[in-house]
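One structure is given below, encoded as structure tokens.
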Amino acid sequence: MILIGFMGVGKTTAGQKLSEITQKEFIDLDVYIENKHQKISDIFKNYGESVFRKYEYDALKECLDVDILSTGGGIVEYEPSLNLLKESTQLVIYIDAPFEEIYKRIKNDSSRPNALRSYEELQDLYEKRRPLYKSIADITIRNETTVDELIHKLLIVE
């Protein structure tokens, strides 16, 4: 199962809890990249987004067969990663949430390089990525309530 969606929709939290419940392996791709390289914010600052996307692609290739994989929100921005997800035999689940809710969760989060953008820039990014997520998702789950409700929905589709 591969969890995709915009930053702040609950991919990592849901993946961790689902892993605890099912006793299946979970990897957060951003954590994997940080363990292999350095903090994502430092990669962006020191090398730029293009280098980060290449690291992300390499990590995705290495982790594609993990039971539960949570991806970064921008993974769909890099065409090789997008294609790898499209071709994957894993169940790709797009977790969506209302932008207002996402914005409340991520604003001023310095650990997310893109979260420091203005409200309008983030909303544009959200709208730009939504069709990309939908184009590769096997299932879309709307996360408008609690993490427990999201976990319940994920357990049903698993």
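Here the Cβ of each residue, glycine as well, is placed from N, Cα and C on the backbone.
TrEMBL: automatically predicted annotations, no manual curation.
The DSSP secondary structure for T12 (ATP binding site) is helix. According to TrEMBL, the ATP binding site annotation covers G8, V9, G10, K11, T12, T13, R112.
Annotation comment: TrEMBL describes T12 as Mg(2+) binding site.
Annotation for R53 (substrate binding site): same-chain Cβ neighbours under 8 Å, separated by at least 6 residues, are G74, E77, Y78, S81. As annotated by TrEMBL, substrate binding site applies to D30, R53, G73, R129.
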Binding-site residues compared (G8, R129) - the one with the fewest other Cβ atoms within 10 Å: R129
Minimum Cα separation from G10 (ATP binding site), reported as the residue among binding-site residues D30, G73, R129 that achieves it: G73
